[in-house]
Each structure stands twice: as structure tokens, then as C-alpha cells.
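Down below is the structure, laid out as C-alpha cells.
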Amino acid sequence: MPKRPDYISWDEYFMGVALLSAMRSKDPSTQVGACIVSPEKRIVGVGYNGFPSGCNDDDLPWEREGAFLETKYPFVCHAELNAILNSSGNLKGSSLYVALFPCNECAKAIIQAGIVEIVYLSDKYADTDAVKASKRMFGQAQVRLRQITPSGKRLVIELKV
Ligand SMILES: O=c1ccn([C@H]2C[C@H](O)[C@@H](COP(=O)(O)O)O2)c(=O)[nH]1
Ligand SMILES: [Zn+2]
């Protein structure tokens with residue numbers, strides 16, 4: 001019997017895991033997932049944006065605007081950082097699949113962890129200083145950047161066998 005022809009590609013698989021992880025996020029406006037992949041194509045870390053462990057999701061704000069301490073920004077742990085912190089072992093030479101282009105704070109952690117490639121979908125904050133700083137650091141550290149063009153392909157997961 002020939003092999004099944006309609007299996008998903010590596011990029012679709014790893015970005016799919018990043019997007020599935022994002023579905024765990026409780027952020028009402030932007031859900032981000034990240035998946036770190038070793039040079040041997042093994043998943044070595046996943047994460048999504050959320051408040052730190054032990055911090056109550058219902059007590060901290062999800063607002064985008066207002067006084068800094070009344071917004072989510074000082075509290076939320078970014079998907080990329082969570083994926084790095086959740087990972088097991090050495091990330092040197094690995095790739096990071098992420099739904100949204102990483103901010104400057106994540107870029108620092110990504111570079112320091114030894115990740116050498118970023119594969120991303122959205123760059124919706126490209127005009128912000130955070131992303132400009134991030135790209136400057138990635139350029140100097142020779143981290144490869146690869147944007148996946150959304151194909152519109154639907155990866156459907158049904159919770160049944
Ligand atoms: O590198 C990044 C940048 C942002 N995030 C998270 C942080 C927030 O939860 C959302 C952004 O919210 P907006 O309402 O779109 O400002 O994305 C991340 O995980 N990684
Ligand atoms: Zn970030």
C-alpha cells in the first residue's frame with residue numbers, strides 16, 4: 001500500500017503545535033503560542049502567553065489600556081519565554097515556531113538560549129519600537145527569520161478517534 005499522501009509538512013506540524021498551544025491562552029485580545037524544535041526535529045519546549053504560575057487569572061487584569069498596573073502588560077509572561085522556561089535541556093541550534101513576531105524582551109531570551117531560527121506567522125506589531133529592537137538584535141546575532149505565508153489551510157482536530 002502507498003504512503004498516505006495528505007500528511008502535513010514539518011512547518012505545518014510545528015506551527016500547528018504553536019497555534020494549538022495558543023488556544024490555552026486566556027488573553028482576550030491576542031493569543032500567542034510557541035514551539036521550540038531541535039535540529040533533529042524534536043519538540044523540546046512549548047508555551048503560550050499567560051500569567052505566571054500561582055498568579056490568579058481572575059485577580060490580574062486583561063486590559064490593554066489604562067494605568068500600567070491596571071493592564072496585563074506588567075504581569076503577562078510571553079509565549080516564547082514560557083516555551084524556553086518549559087523546555088528540557090539544551091536549545092542551542094534550535095528553531096522557534098511562533099504565531100506572532102517576538103518582542104525585544106523575548107528576543108533577548110531567545111538569543112541567549114542559543115535559538116538560531118524564528119519561524120513566524122504574524123508581524124502585526126512590525127511598526128513598534130519593541131519589534132524594531134528585536135529585529136536589530138536578531139540581525140546582529142545572526143538569528144534567521146522566516147515568515148510562513150498563511151495558506152488558509154485548515155488543520156482540524158476532532159477529539160475522537
Ligand atoms: O513577543 C511577544 C509579544 C507579545 N506576547 C503576548 C503578550 C500579550 O498577552 C499579547 C499582546 O497583547 P495585545 O493586546 O495584542 O497588545 O501577546 C507574546 O506572547 N509574545
Ligand atoms: Zn515577548
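Every residue gets a Cβ built from N, Cα and C, even glycine.
Features reported for this protein in TrEMBL:
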ACT_SITE  E80  active site, proton donor
BINDING   H78, C103, C106  Zn(2+) binding site
DOMAIN    9-145  domain 'CMP/dCMP-type deaminase'
Check: Which residues, in sequence order, are found in the same chain with Cβ within 8 Å of the centroid defined by the Cβ atoms of H78, C103, C106 at the Zn(2+) site, excluding those residues themselves?
Finding: A79, E80, L81, P102, N104, E105, A107, A109, A130, S134
Note to self: Let me make sure I understand the structure: which of the binding-site residues listed (C103, C106) has the fewest other Cβ atoms within 10 A of its Cβ?
What the structure shows: C103
Next item on the list: Please state whether DSSP places C106 (Zn(2+) binding site) in a helix, a strand or coil.
Entry: helix
Checklist line | DSSP helix/strand/coil residue counts for the domain 'CMP/dCMP-type deaminase' (9-145) | finding: 46 helix, 27 strand, 64 coil
Item checked: Overall pLDDT of the domain 'CMP/dCMP-type deaminase' (9-145), taken as the mean -> 97
